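Novice: Here it is, the structure in full.
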Amino acid sequence: MADLLGSILGSMEKPPTMGSDERKKAKAQKAMMEKQQEAEKKKIDAFRTRIQKKIHEFIKDGTLEKLKLEPMEKGMRAIVHEVSEVAGLTSFSFGHEEEDRYVLMWKKEFAPSDEELLAYRRGEEWDPEKAKEMEKLKEIQSKEEEESRKQSLKETPASNYRDKYKHLIGDEAAKDAAREMVSNSSYGFVPATNKRDLRTIEQVLADTRAKKKQKLDPSAESSGSPSASGDQGEGVGAETSEGAGEGEGVLAEAQGETEQS
């Protein structure tokens with residue numbers, strides 16, 4: 001078994017070995033890469049130091065509200081945002097990507113408004129005086145719109161519906177149909193006077209009994225109100241004294257029929 005394994009290993013080709021020239025070349029490339037990384041690190045450290053110094057001077061100067069830096073690449077802008085955040089500043093990037101993208105910083109007490117940020121994003125310069133004028137114009141326009149809305153609510157309709165339908169229903173009918181409706185919480189939005197029965201109890205009872213007689217005796221005269229004759233009124237008065245229960249029942253029934261009518 002050992003002889004077989006040894007023969008297999010002996011028949012295999014050995015991996016290629018690196019010559020001395022290739023080793024030197026790889027070593028030189030590694031050294032160059034480390035040197036470039038070290039130079040890049042020094043460049044970043046120097047840039048960070050310069051930005052920290054500039055931001056420190058900006059914070060110390062009480063006359064300045066914002067600081068605009070020169071356009072720079074994305075990695076440098078990230079360093080500026082990091083340093084400004086540590087220093088307690090507000091920073092934003094504006095401009096086209098990788099063309100003229102720059103960083104603008106504000107002190108916390110002079111933080112920009114949404115309108116100011118929008119102006120910088122559009123590539124415009126921010127003018128505080130112009131912004132105040134625009135704000136006043138917006139307030140005036142808002143007040144005018146509010147006044148116009150209130151005025152439109154107060155205006156009366158161009159046409160009167162009484163005159164509109166006069167040729168169909170006439171003057172008197174238009175007046176009756178257009179009478180003012182007084183709301184009543186007990187009856188809804190129908191006037192209470194429209195539902196009020198102006199008859200006396202005796203008249204209601206007499207009318208009710210007359211209707212019952214007409215139903216039982218179709219040949220009875222339907223003309224004339226029973227409540228108009230004195231004899232029938234006396235009869236109703238006598239009948240009401242027969243018992244409170246019957247009178248109350250008739251009154252309730254009469255009131256029910258009156259409401260239905």
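Cβ atoms here come from the backbone N, Cα and C positions, even for glycine.
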Novice: Identify the region 'Disordered' range according to TrEMBL, selecting from 58-77, 178-197.
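Specialist: Here TrEMBL associates region 'Disordered' with the stretch 178-197.
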Novice: Limited to the domain 'R3H' (45-108), I'd like the whole-number average of pLDDT.
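Specialist: The answer is 91, the mean pLDDT of the model over that range.
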